[in-house]
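Below is one structure; the comments refer to it alone.
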There are 2 protein chains.
Amino acid sequence: MRITFLGTSSGLPTRQRNVSGIAVQFPQRSEWWLLDCGEGTQHQLLRLDELRPSQLRRIFITHMHGDHIYGLPGLLASLGLGSTPERIDIYGPPGLEDYLKAVLRYSETRIPYPFQIHTVETGLILQEPEYSVFCAPLDHRVPAFGYRVVEQDRPGSFDVEKARADGIPFGPLYGQLKAGQSITWQGRSFHGRDYVGDPIPGRKFSYCTDTTFCRNAIDLSRAADLVIHEATYAEADRELARRAKHSTAAMAARVAAEAKAQALMLTHFSPRYTPEAAITLADLLAEAQAIFPPTMLARDRLTYEIPRRIPAPLPLLTGV
Amino acid sequence: MRITFLGTSSGLPTRQRNVSGIAVQFPQRSEWWLLDCGEGTQHQLLRLDELRPSQLRRIFITHMHGDHIYGLPGLLASLGLGSTPERIDIYGPPGLEDYLKAVLRYSETRIPYPFQIHTVETGLILQEPEYSVFCAPLDHRVPAFGYRVVEQDRPGSFDVEKARADGIPFGPLYGQLKAGQSITWQGRSFHGRDYVGDPIPGRKFSYCTDTTFCRNAIDLSRAADLVIHEATYAEADRELARRAKHSTAAMAARVAAEAKAQALMLTHFSPRYTPEAAITLADLLAEAQAIFPPTMLARDRLTYEIPRRIPAPLPLLTGV
């Protein structure tokens with residue numbers, strides 16, 4: 001799974017950072033998904049050839065603040081003017097459907113492809129053969145939902161060499177072993193578990209914004225390969241974070257650490273942390289890394305390929 | 001008056017051109033006005049230091065299509081997060097107020113400075129000591145209004161040298177002559193008209209979008225120093241223009257010619273006219289210039305200073 005950050009600023013855009021938007025691409029799939037859609041998200045897509053607008057399939061919205069939704073009507077309208085997507089499913093909090101329909105009505109905008117808005121509740125919101133998506137409420141000033149995207153585990157690899165060496169003939173028996181069954185050939189028994197490696201674990205990531213430190217963010221991030229968590233403020237501005245129900249970088253790091261995640265990407269930075277300011281994003285990174293070392297800072301148009309955790313090789317088996 | 005184009009594409013943004021937005025600056029005034037506010041207008045402002053967001057004073061919206069209004073909620077919200085404007089007056093068609101209030105309500109956005117929305121009708125919509133604004137309906141698929149911005153004429157310059165040479169003492173008598181009055185000094189009569197040049201005509205420009213060719217566009221553009229007119233299509237695609245109630249470049253040129261305007265700036269170009277296409281914007285320019293030679297093509301971040309028409313110098317007067 002490949003994550004591309006389209007906007008990493010909180011509240012309002014800066015010259016370097018747009019407001020929230022994240023693209024998610026999947027291996028061997030032309031479709032991609034969008035998480036949040038702040039104003040100017042469609043403009044960011046113009047600069048990224050690999051994200052073809054017509055292949056956008058799903059949009060997940062965390063909450064109804066403008067920096068996460070004001071780009072949605074324009075994106076949907078623009079998608080209707082070129083080569084249109086097949087259909088778009090949009091997931092988000094209560095109010096999203098009314099907002100979108102009101103804007104399209106006032107602007108007399110007709111969307112020429114099918115789209116549907118799903119109001120999310122806690123739990124499983126999407127189940128596909130290869131991916132599932134869960135959501136849970138976070139702790140912000142308005143209802144906000146975090147998401148967890150899970151790639152299903154894949155069967156382990158079949159050891160063809162070993163099967164051949166053991167004298168099992170190529171053919172339907174291989175399929176039975178691959179499926180984990182036991183077979184008999186020329187009076188001998190063979191067990192699938194001896195020929196199939198451990199399952200290849202699917203990758204999973206969480207997206208937690210906007211929120212202050214909360215248990216649901218940890219639950220969504222449990223054992224995730226990547227936690228994408230807002231870090232609007234530095235710990236020194238903790239009081240601002242508390243009042244606005246945002247997170248400090250340290251809070252985001254605690255979420256990733258308690259969830260025993262593999263990596264953390266900070267995003268949704270307050271525009272106050274310019275390179276010239278007393279506190280900079282390098283300070284946010286340092287305070288997070290002190291708690292959770294594998295922390296990174298997102299930046300606009302950064303692409304992060306979530307690595308696959310390759311299981312240990314098959315143990316040497318004896319006594320077949 | 002200085003016009004800066006923030007967006008010159010119709011319908012959807014391209015890599016080179018954003019959707020509609022125009023900034024208007026005035027001499028000796030820190031405030032500026034905005035005409036239309038497509039998505040990403042606030043992003044364009046980030047790249048133009050001379051347009052300080054806190055000095056935005058008035059916004060004029062032509063019609064309710066998304067490429068002219070989707071940037072408005074985000075701009076107003078962002079203006080509330082930095083150094084805020086004193087107040088903002090917004091002028092536009094019916095529906096604008098409901099749209100804006102609905103979006104702000106759904107996104108729970110509070111605008112911390114005073115703003116008011118004025119629904120426009122035909123005629124004078126704003127009268128200030130130095131500027132006035134008129135509007136009139138155009139001919140588009142939805143109600144659309146064109147605007148005419150008029151700088152008031154200024155009194156001609158007072159010829160101090162001549163007054164001194166004629167023996168009139170510096171003092172209150174100069175003020176009376178400047179005001180066009182006649183005075184008597186040492187038994188002689190002097191007339192203001194002999195000492196004051198012709199009035200310096202105020203500049204005026206029109207903004208006509210979206211529309212197909214129509215009489216009201218000509219009336220708004222009458223004797224204007226600059227006509228800003230949409231030219232979504234080339235004459236070769238006249239049928240597309242007719243169906244969508246847009247203009248060809250030739251139609252825009254006819255408006256400027258019939259209005260006896262000084263100059264024409266084409267904008268709101270269909271993204272189809274790329275430099276690689278069979279028809280390019282150079283063709284749109286050529287077809288307009290064939291009808292109205294002082295035609296120009298707008299581009300994003302182009303600034304055009306409307307020249308002041310200096311009146312002829314004072315005639316040599318005899319028989320004072």
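Heads up, the Cβ atoms here are built off N, Cα and C, so glycines get one too.
A:Asp210 is the only one of A:Asp198, A:Asp210, A:Asp219, A:Asp225 that TrEMBL places in the Zn(2+) 1 site (with A:His63, A:His65, A:His140).
The binding-site residues under consideration are A:His63, A:His68, A:His140, A:His268. Their Cβ neighbour counts within 10 Å are lowest for A:His140. Proximity to chain B, defined as a C-beta distance under 8 Å, is registered for none of the binding-site residues A:His63, A:Asp210, A:His268. Take the CB of A:His65 (Zn(2+) 1 binding site) and look out to 10 A: across all protein chains shown you find 24 other CB atoms. Taking the mean position of the Cβ atoms of A:His63, A:His65, A:His140, A:Asp210 as the Zn(2+) 1 site, the remaining residues of that chain whose Cβ falls within 8 Å of it are A:Thr62, A:Met64, A:His68, A:Leu138, A:Arg141, A:Val142, A:Ala144, A:Thr209, A:Thr211, A:Lys245. Mean model confidence of the domain 'Metallo-beta-lactamase' (A:201-269) amounts to 98 (pLDDT, 0 to 100 scale). Within 8 A of the CB centroid of the Zn(2+) 2 site residues A:Asp67, A:His68, A:Asp210, A:His268, the other residues of that chain are A:Ser10, A:Gly11, A:Val19, A:Ser20, A:Asp36, A:Gly38, A:Thr62, A:His63, A:His65, A:Thr209, A:Glu230. Contacts of A:Asp67 (active site, proton acceptor) defined by a Cβ separation under 8 A and a same-chain sequence distance of 6+ are given as A:Ser9, A:Ser10, A:Gly11, A:Leu12, A:Val19, A:Ser20, A:Gly38, A:Glu39, in order along the sequence.
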